[in-house]
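The domain 'S1 motif' annotation in TrEMBL covers 33-118, 136-204, 227-291, 403-472, 492-561, 671-740, 959-1034, 1140-1208. The annotation region 'Disordered' is assigned in TrEMBL to 1309-1369, 1390-1424. Taken from TrEMBL, the feature compositional bias 'Basic and acidic residues' applies to 1348-1360, 1415-1424. Annotation comment: TrEMBL describes 1395-1406 as compositional bias 'Acidic residues'. TrEMBL lists 1565-1598 with the feature repeat 'TPR'.
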Amino acid sequence: KAGAKDDSKKLKKQKAEEKKVGLTLNAPVKCEGMLMLGCVKEVTDFEVTVSLPSGLQGFLSIKNICDSYTKLLSEQLDSADTEEICSLPHLFYPGMVLRCVVAKLDVTKRGSLSIQLSINPKLVNKSLTPSGLKTGMVLSACVESVEDYGYIIDIGVSGTKAFLSKESLKFKHNNAQELKVGQYLTSQVEEVKNDGRVVQLSANLTTIAQTCAEPKQGWNLTTLLPGLLVKAAIKEVTKHGLILDFLSSFNGQVDFLHMDAYDKWVFRNFDVNARVLYIEPQTRLVGMSLRSHLIHLETGIEPVPAGRERIGEVVKECKMTAMHHLSGGVLELPDKTLAFVHRNHLKESNEQTNENRVFAQPEHICRILDFSFTVLIFACLSSFDFRSVIGKPFYRYHDVQAGQVVEGTVSVLLSHGMVVHLSDHIKGLVPRTHLSDIVLQNPEKKYMEGMKVKCRVLSVDAENKKLYLTRKKTLVESSLPLFLSYNDTRPGRVSHGYIVSVKDFGCIVRFYNGVKGLVPLSELSSEPIVRPEDIFYVGQVVKAKVLQCDPEKGKMALSFKAVVKKENEETEKPEFDCEVGKRLDAKVLKKSLNGLEVAILPDEIHAVLPMSHLSDHMSNCPLLWESLQEGDIISKLISASHLKTLTKKPTVRWSLEEGVVAKDFSEITVGLQLVGWIKNIMPYGVFVEFPYGLCGLAPKSAMTDKFIRDTTNTFQVGQTVIAKVTNLDEEKRRFLVTLKISEVISPQGDAQTRLINGLQERRAVTEMLVMKDNSELQQQLAALSVGQKLKLTVDTVNDTGATFKSDALIGATILANKHHMMGVKLTNGQKVGAVVLHVDMLSACVHVSILSKVMGKKKSLAEGLKYTAMVQHIDKDFAVISLGDTAQLTVIQTCSHLNEIFLSESEKLKAGMTLSAEVIEPSCQELQGLPLVSWERSMPERKRTASENQTGRKGHCFGEILQGTVRTVKPTCIQVTLEDGSSGSVHVSEVVEPAEVRLGSFPTSSVKVGSVVTARVIGGREASSHRFLPFSHPKFTYTISELTLIPSDCTFKKSKNNFKGKRKPKSKLGIYVLFLFSSMSSCFSRQFNSDRKSLEVTTDPSVSGTVELLAMTTDSKVSLCLCKCIGRANVICVHKLEKGSITLGIVTNIQPQTGLLVKLPFGGMGTVAVTDLADAYRPNPLAVYNKDQFLRCYLLDNENDKWQLSLRPSRYEKAKPEKDPEVLSVNKLKAGQIIRGYVKSVGEQGFSGTALGRDYFQTPNCHPTILVFAILVFSIDKEEEFINLSLLPEDTGKPDVLPESLGLPLRLVREEKKKQDKKSKKRPISKKKKKESKKARTDDNDSGVEVYFREEEDKEDEGKPQVTSSASCPSRLQVTAGFSWDVGLSSLKPASAAQEEDSSDGEDQEGSTKKKSRHEQEQEKKEAEKALIQREAELMDPNLRPQDAAAFERLLLASPNSSLLWLQFMAHHLQATQIEQARTVAERALKTISFREEQEKLNVWVALLNLENMYGTEESLKKVFERAVQFCEPMPVYQKLSEIYAKSNKIKEAEGLYKTMVKRFRQNKEVWFSYGTFLLQQGQSDAASNLLQRALKSLPPKESVDVIAKFAQLEFRYGDVERGRNMFDKVLSTYPKRTDLWSVFIDLMVKHGSQKEIRALFDRVIHLSVSVKKIKFFFKRYLEYEKTHGTPQSVQAVKEKAIEFVEAKGTEGTK
């Protein structure tokens, strides 16, 4: 409640301040029903334009006059008799004063306010009652009916009849003899009868104008009417006007425009007469005027005030005399006329007003916009609105003249023509017959809304605002005289016109402004014409000659025949018949804007030499054109075609002389290379013209090897090019060419030849200019050459360079920019030596350089030597370069190829750029002794000299000390805005002294945003902007200076040279890579990438990298913390994997019977054997490990790039004892020693186990459990490296670990075992650490148990017979390579089949052929069935993902409509980089899935769009999109593609697609929501606000509330929280009972708002006028919030409010 009171107090205070200021001028029309005093400005048949106060303008419709007039109109229209209807021009006249009421407020299509007015007395006087009518009151009324002795008047008071006698009527205006029904008049109450039921009126204008309203008449704010004259006293004088007291209890305001003299009313309590202008009912604001012409209305308001004809005039030298910051300013025109400028006209519409700046300017330019009747003052614009209003040629229809060529914008296409807007205020109609030279059947295909068009004005009616235009090309481009009036139509003159009518007697031709004439039948043609309509048609453009003319009668006789006869006579003159390719001489006859008109000698045949054909260098063409004069002889011309067109291009002349030309289309073949020139540039490509009139098209894709977005920024019309024919169309006789440099071959020496020709043309220009102006200065400038040394005197020195003086070059401008005086200190008057770089003869300007590297002694050059050249000066197509340290200068071309184009400024040569040059000729005579070189671009050296340290036009020198303001502070960098507006970056390592950096500290936190810092430049780097896409602007970069803030480096005491000695500009990354790997480095972390589990670090402005989490520490416990929190501190990393070191690893796979597969740092992989998991063996040792678990590993050995690891604590903690020590060699074993190990595999003839270390665990076996057992080392044969082992309990002293279920044969006693165990031997480790094992032979007395490692035949026992008992030792199955549970019985083989072929024991083979026992067969069946069951379960598992194409095909047979399966199939191919197979799968899916499964098909389309976006081209993506739109609902497809674009950071494409969506699906609000979300995610809040306004206009009104609420939610999530809160406030203020919106608002505020704001919101909600049930819900939420975030006191306060609410509601609330 307290918050609400404070808000109300602030609102009242604000209103009081506004009321005190009294700016009625700024007060817009705020509501319907507002009463205003207006003055008629313009009257038409159906509408009256009314001038209102505050510079406003309203419109009075014919239906808003009065009820009687509307009734009369209806009756007359129904009876079809309009004789007695009195039109609006008879009822109203300009200057007539009216009392109006705002009937309706509309917004036009352009967004401006349209005010609909009414003068109906029932609306104007609706607050009056019969009892309130008093004698003397002045009321507005309308004539209701005409009676014999007077008029019944409608005064709008219900129950009152008013009568006006004819005797009392005084006619004062318009010479009216009698009033008409509906006529408006201002009358005075003379007598009131019968308690106001009958009123007698008078209409004496003089009396009414002088009558003042009196308090006794009972006026109040509801009955107060505009136009009343009152006596008032000045209460207060404000800065912008006055506050008056009138009628004893009323306050009124007078703004400064409604006072006759600004300094007259300077004291209070002065009595004045004032007239009420308007009354606003909401704020009860009464606007008044003290203007004399409004006070004395008996004289009336001048209908046409003086100066009204000046509307639209642009006036210069205006002075601002006063400025009122809330309304505008007052200008004084040069003729002392005062004019007012509204504050919105002091600026452009998209700029902010700077009123102080405007007022401070001494002079202004303005355009007079309008004349206000209410204040009798001009309203105009200042110069700040120049672009949008003053700069436009047309403001009124009076400014447009017939015959004028104008440019406009297509607004709308209608059935009868096209509307074209020339400006915001002027529009014209192009009739349908004038849309083209021919009649268009489908004009919408040629013209689109918003298209720019050029038209010619046919006629203009300024009074009625009617403008007619034509788009006929012949009329628009006609150079013949225009017939604007009959006075222009003298006999013999010829002009273009158009046929408006075809009759039997001839054709009627119209010209401009309604001028028309008749072409008789006999003058239509030299041939007889019987039916003109068969030959001519309406709208046809014709050329007609005037035969006779009578301007007074407006008649004219024309002829078509005479025009044709005249043209035939002209064609009889000598024609241009010159052989193409022949050299010619010509004399200049006339200079035109685009070329020269010449006469070919000696026959004086006229021809044209276009300007672009004067040279191959486009920059030389205007110079040659400027130097040539009428009468000059031009030599070496050549005819390029049979037309009257000549050329002087040396390359074209060479091609004609050498015969490299096609004379006809039949000679053109694919692959032919031709020299031509650009004829025309179109959006889809350029047309190239060749000699003999041939013309080919170079499509956009064949113009250059680069990507082109806009063809207009590539070539120039007339530019010489080399083209290669790529395609022929024999039927249409058209061909395509390519201009790509990679596909055309330049003639040998073409670049050098063009350079010499270009420089010779420059010298010819110089000679002609000297001959033209033979002054001493011109001769001296012509004598200068590049490289010449001069003695100069310094004139001025500034930041951009210096100017010099020379006694030998008086009047010339000699200058050197800052690049050419680098490192040289100059003072005024100093004598210096300089070298000439360029001489501009036209401007008499000499560019020089005083650098020591070009001023030194010249060194000799040799042919073939290469130098590093630097560009010193650029002059359009030519550049001056210096060759290394030789002090030699020369001239090169900026384009190395005729077809070379530059799409961006960064691609062009610039001063200071480094090139690689090779000397072709040390001294070339054609270059005036300068060396002739060939050049190519080269990367600039990183170690720059002082003159090369400039990083560009806005760059800074290395070591320079600068001042800047901190823009942003980030953990690893600081962005600084320097004094010149450029950007600088400070790396975190350059903030504080290195000695002050501490672990875990943030050095950048010591710098605050907005602070001013002193920095020194330590380098620079190029950055690219996201404004342009990389493929369209691949080299669009700008320079950012690298700075340091370290105090010891930023002191001014340290000179640049000392600083350069301490630091070098850092550039080469390789140095830092070596540095990082050669020593421990302190680095600063940037961010932790949780997906890659790596830390991004930086050590230097030019060096950054990543550190894997595995390489950051060797402690697995620390690694878990590092995953969650990475501090910006020094990080000590593992640099290299070495044998015997300790590192961190991540478990990637757990393999039973084998061990762990571990990922190591730097991409390494390793394995941990079961015996290396711990120092003490235990059953199932792999159960304690999980995938992605961190481990601390000891690196044992590396074999085939795979590490063998150990997790034994004894490896890295030597103090810990080992229960089961590692056995690495036979020497560590002793006979009788008992060790422990793991079961590896189980076979019929023994066990395979692991007991002696890691390297024996190589053959995996899928045994279900790993058993740990004790083994007795029975004996060791070190020579043969065999070990005999025993598992018998009598030997190990441990219980038997072998279950009876294994089906092993009976075991023998100890002694018998000893007799036979010599035959059971084992071979352990070899010296190469490759452990091989072989199954040992046994006999019938063997225990049947064998522990072995890898099968290998003992060569010593090879060939010895071995006896075996088939009864006691049957053949058993042996799985030597591991057992797989997913194979069938067919995969199980006898042991003999698994043994090596080199065994010579025949009894083993014999034993394998014995029959298996029944028990064994049953066991095999059980195992096979178990394997089959497991395999079936796997195949039936829905969560099991197929691993091959066959599995996918099998699943798709069962579920062909499952898009999930199809997408998984596509993903399977994409993982194998099989892009085409993935596309094929998608196409199969689209054909296979049923047409009823629309969502499933949409999923596949979306996947295909994703595929093409990632792996395809723009064209393929576009094709897929078009197909998807065709086969699916378009809107979801558009939605999905826009999301794909947004996720892949293709912002421009996404925005373009969204714009298309909101046009195509404007009725779908989800589209607007998606676009709004996208804009807010991109940070474009203003664009999102504009989008909301568009959405509200496009969607139905019932959706408006939900749309605004949704956009408000989006603002909370992605945009400005404050803006979202304001949007919710506005919506809920209008719709307070929308509790669903209140609930959403509360949720958002709880997430984003402060506690104070949230509590204020709850207080608003609980006071809503909604149902008790809903209020209870909000009270419950309020209480929950306070319990969670509040205090016990706040909780108790909520409960008290709830009790108060219940008590207030009473019994209803308790229910």
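Glycine too: its Cβ is placed from the backbone N, Cα and C atoms.
When Cβ-Cβ distances under 8 Å to the domain 'S1 motif' (227-291) are tallied for each of 33-118, 136-204, 1140-1208, the top count falls to 33-118. Between the domain 'S1 motif' (403-472) and the listed ranges 33-118, 136-204, 492-561, 671-740, 959-1034, the one holding the most Cβ pairs under 8 Å is 492-561.
Averaged over the domain 'S1 motif' (227-291), the predicted model reaches a pLDDT of 79.
Taken residue by residue, the compositional bias 'Basic and acidic residues' (1415-1424) breaks down under DSSP into 10 helix, 0 strand, 0 coil.
Shown for the repeat 'TPR' (1565-1598): DSSP residue counts in helix, strand and coil, namely 29 helix, 0 strand, 5 coil. Sorting the domain 'S1 motif' (671-740) by DSSP state (H, G, I as helix; E, B as strand; all else coil) yields 9 helix, 35 strand, 26 coil.
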